[in-house]
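Per Swiss-Prot, the features are:
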type	residues	note
SIGNAL	1-25	signal peptide
ACT_SITE	Cys238	active site
ACT_SITE	His334	active site
ACT_SITE	Asn355	active site
Amino acid sequence: MKRNFPKLIALSLIFSLSITPIANAESNSNIKAKDKRHVQVNVEDKSVPTDVRNLAQKDYLSYVTSLDKIYNKEKASYTLGEPFKIYKFNKKSDGNYYFPVLNTEGNIDYIVTISPKVTKDSSSSSKYTINVSSFLSKALNEYKDQQITILTNSKGYYVVTQNHKAKLVLKTPRLEDKKAKKTESIPTGNNVTQLKQKASVTMPTSQFKSNNYTYNEQYVNKLENFKIRETQGNNGWCAGYTMSALLNATYNTNKYHAEAVMRFLHPNLQGQQFQFTGLTPREMIYFEQTQGRSPQLLNRMTTYNEVDNLTKNNKGIAILGSRVESRNGMHAGHAMAVVGNAKLNNGQEVIIIWNPWDNGFMTQDAKNNVIPVSNGDHYQWYSSIYGY
């Protein structure tokens, strides 16, 4: 399943040392947290629409709690850091607003991504969609006292420090364009570090909120034995990773691996033909049948209730997505796995998804069939295969 390469995207980060007392509003009492070091992010335009800020403040804790419960984390307190944007080298935003979610130790645990609705979005209740995942949180936490730039190319996300050395901090399985140079450099005279406005990502914008009540009351349902055992590298095997993860979960085993699945279905392919081969829905169904399952193809996104019932009955669901940005090239189609579902304390229904590119899960509005993924692309959930 293939797609084209996205253009380089840059997120310019400046880290500075600062001491700030932080109020912790837990159990109706204020508790001073430890002094925090701030991560400052360059932005071209700090203006964030009021409804975007309100949406993030209103809903972030419920979304975060659903992932905490999926990960079996203990109850905790969180707050939002200042929002930032991600920019291309032409200094234009990618259109999204990013809010870091801070724990009481001053580290970023999650990133809230709020995006304007795209044309093929099936939901219509709001101008924006909200998703939560770990995304770049680990990278932001590792460079608290340095000026850095974050870039992305066909191999993933890089941190470039003041000495101009680059370190790959987040891999994405994008195949390098044969026409592009192997080493891509920052355009001369257009360094995004020249952007002047900043937002302190690890500076809390409000009091810490405990998820104690939300944690106790919120409904979360998960495939009991779902684990991330492997992630997709530089290949076209997203369907193999998806099926392996689902079968390992529903059979409660560790024996399935993406490469072995792909080799079973394409035994005669070698070299790059094998490395970048994908699977059709028919091949996915056939493999499941050979493993004692009776999968069914559904030519649409599964509903929240369908996900809830199938997950309760230990039946996995594979997502078949078509890239909104381009129907051509590497990963124009993409497979992902449904991990479970949750009903937030505001009544919002979400589906928990695993993208084989990622080391964590993400939330998805159950009425929204367009899924934003970690490289900035969007996939329309057009079909499902269930019964793994």
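Backbone N, Cα and C define each Cβ position, glycine as well.
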### Summary
According to DSSP, His334 (active site) sits in strand
### Task
Work out how many Å separate Cys238 (active site) and His334 (active site) at their Cα atoms, rounded off.
6
### Query
If you draw a 10 Å sphere on the Cβ of His334 (active site), how many other Cβ atoms land inside?
27
### Query
Residues with Cβ closer than 8 Å to the Cβ of Asn355 (active site), same chain and 6+ apart in sequence?
His334, Met336, Met362, Val373, Ser374
### Summary
Per DSSP (three-state), Cys238 (active site) is helix
